[in-house]
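Taken verbatim from TrEMBL:
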- 23-43: transmembrane segment (TRANSMEM)
- 147-165: transmembrane segment (TRANSMEM)
- 171-191: transmembrane segment (TRANSMEM)
- 198-216: transmembrane segment (TRANSMEM)
- 228-247: transmembrane segment (TRANSMEM)
- 327-349: transmembrane segment (TRANSMEM)
- 369-398: transmembrane segment (TRANSMEM)
Amino acid sequence: MGAGHSHSHDAPVLGLSATARRVTLGLLLVVAAVTLAGLILLWPTSHPTKDGSSLTAEGVDTVPGRITALTPCEDTGESQGQGPQHACLDAQVTVTGGPSAGRTVPVELIGVSAMSGLKVGDAVNVAEVPGIDGQPSTWAFINTDRTPVLLGFLIVFVAVVIAVAGRKGLFGLLGLIVSGAVLFGFMIPALTSGHPAVAVAIIGSTAIMFVVLYLAHGVSWRTTSAFVGTWLSLLVTTGLGALGVYLSRLSGMSSEETLALAGVLGNLDFPDILTCSLVLGGLGVLNDVTITQASSVWELRAAGPHLTRRELFTSGMRIGRDHIASTIYTIVFAYAGASLSLLLLLSLYNQPLNLLFSTEEFTEEIIRTLGSGIGLVLSVPLTTGVAALTVAGAGGAASRAAASRPRRAL
């Protein structure tokens, strides 16, 4: 009890830097006001693909079913090739929903769908395609019903997060839910409505940061310094991404998905969409780095109340450099893993490296990785600087006395 009593008297009472607090708070209020105004101005008033009618054939409805039989397709002699694209299975599927529930219909599985390891009893989604000119309708395979697997993984994920991180983990999950709401409720509809993609990316990402950081870590100067560092780094990442896309003359239409999207919404600015994807891809890693840096500065202040702000910044940067080294690997391998099939395909091209790297697919990933990486690296000094300015000051006589007092060995 005595030790605890003397500790409370010995600890210096440290004040915040009034100027740094005013500047940071002012910037925070401006960012909040601009974000709110942006949400109002960019809020989607229409969603051209909401009903999906432009993406599906008229009169075709997808219904659930269950495979009751699987047999290899009869060899008609028309295709003697090998590989996944030539695989074929005849399936009998019992429809379990919709007007045709209870019927058993023939469905042909071709190519990738025949190679996915489907077995009798698996749940699938199929669609009845009306015949043309009086011809009978046919049934087509749509996809495997993966809902139970996804729900299972989701339950395990939530349980592990709460078990390990407790209350912090719960608030993190709530932040993730709100982030999903911002993404699917604002950003995607705003993009499909034709609003400027870069503006949508900045406003949406800022709104997500407000919710995620303050909900998961609480309202404090530590969280605010992390927010400011993240926001400044986000602007850098956005600018670098836009510059890289422009200088590289990227169309943003290198994938089948973007080509399909162009067929439905040809008025979209696909280079800007590519920049938006770069911003979103780096947001999560930025949050991780900035909150860690801010916390490091606060812990350094608690351990060394005598340290000047310059010394706090220098010590925080030593920690940040270690974090940078490990996080760069994270971001590079995350993009490499997501694009592994593309990397394998491009590696088979018999071309010089400069031609290979200049393909639009490869250049997109390089710009995405390097742009996010540069923003990530710069987030460390930016956040450390803001944190060093807003953390409690070095104090007066009490702080100097505490600093000069000999410490007992643990």
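If you go along the chain as it appears here, the first residue is 1 and each next one adds 1.
The backbone N, Cα and C atoms fix where each Cβ goes, glycine too.
Where the annotation comes from TrEMBL, it is an automatic prediction and has not been curated.
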Per Cβ pairs under 8 Å, the stretch of 23-43, 198-216, 369-398 packing most closely against the transmembrane segment (228-247): 369-398
Chain residues in Cβ proximity to the transmembrane segment (23-43) (below 8 Å; excluding those fewer than six residues from its ends, i.e. six or more beyond): 186, 190, 195-196, 199-200, 202-203, 206-207, 210, 221, 224-225, 227-228, 231, 386, 389-390
Cβ contacts under 8 Å made by the transmembrane segment (369-398) with residues that lie 6+ beyond its boundaries: 12-17, 20-21, 24, 221-222, 224-226, 228-230, 232-234, 236-237, 240-241, 244, 278, 281-282, 285-286, 289-290, 293-294, 296-298, 301, 305-310, 312-313, 316-317, 320-321, 323-324, 327-328, 331-332, 335
Tertiary contacts of the transmembrane segment (198-216) (same chain, 6+ residues out, Cβ under 8 Å): 31-32, 34-35, 38-39, 42, 168, 171-172, 174-176, 178-179, 182-183, 186-187, 190-191, 223, 226-227, 230-231, 234-235, 238, 242, 272, 275-276, 279-280, 283, 287, 291
